[in-house]
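**Student:** There's a structure below that I have some questions on.
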Amino acid sequence: MGMYTPFLLLFLLLTFSAALVSANFYSDFDITWGDDRAKILDNGQQLQLTLDRTSGCGIQSKQEYLFAKIDMQIKLIPGNSAGTVTTYYLSSQGPKHDEIDFEFLGNLSGDPYVMHTNVFAQGLGNREQQFYLWFDPTLDFHTYSVLWTPNQIIFSVDGTPVRVFKNRETELGKVDTNYHYPKSQAMRIYSTLWNADDWATRGGLVKTDWTKSPFAASFRNFNAVTSSSNSTAEEALDSNQERSLQWVQKNYMIYDYCADTKRFPQGLPPECK
């Protein structure tokens, strides 16, 4: 196998397989709200979401996925984006829905975006980790990926893993009946742009500057490949990826629910222990 680890081979296989199918926003997504604020451009190769004082907008995938490798290239709102939230996530429906989130919380010009991640299972979330990025996400497109398998969820940015959420249901479900892993509900892919200035930037202290609207975020090169791997060995990060994960979490993580003892005075969630 030489230089290729099982995880890397799986990653390359999924990426190559995805590249064989030309993703197209016309054929792969429906515009669900916001009227003409969501625009599909370049013969379906690019999507632009806009937000003005009246409304934001959103799309959802036509297809549902149960375990998949999902990639989307996103170029975020430049300049003063305070109060805005750009999202890219997977979700099922209903009060006990599952969800895997990327959310990008805007900020004042010159201040970094906050990349917010979360995992819901059976309607229960509260598993947030937040990061600054090590680049300006408004200058160019960057690839944000989710590898969702029966064993774990890996969040990656430009191929660098930033978060791993493992399925510990067999172990922890006996201890805490509230612990679940998203494994049985198929999910659609969503992207939205909306105003959340009551909480998004510095807890709502900084409001949206509507003189800067309309705000626009761009999306391209969507890929989704169904993954049915049950092998933890195939999904394991290699030593370089482990180091990259630790580097991101040490230098760029700004919030970890597993370290927030004030939020959980009765004890941290079971997967944190």
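Yeah, the Cβs are placed from backbone N, Cα and C, and that goes for glycine too.
Keep in mind that what you see is a predicted model, and the values were worked out from it rather than measured.
Pulled these from TrEMBL:
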{"type": "SIGNAL", "residues": "1-23", "note": "signal peptide"}
{"type": "DOMAIN", "residues": "14-219", "note": "domain 'GH16'"}
{"type": "ACT_SITE", "residues": "Glu103", "note": "active site, proton donor"}
{"type": "CARBOHYD", "residues": "Asn107", "note": "N-linked glycosylation site"}
**Student:** Enter the number of other CB atoms within 10 angstroms of the CB of the residue listed as 'N-linked glycosylation site'.
**Tutor:** 21
**Student:** Looking only at Cβ atoms, how many others are within 10 Å of the one on Glu103 (active site, proton donor)?
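**Tutor:** Taking all protein chains shown, Glu103 (active site, proton donor) has 19 Cβ neighbours within 10 Å.
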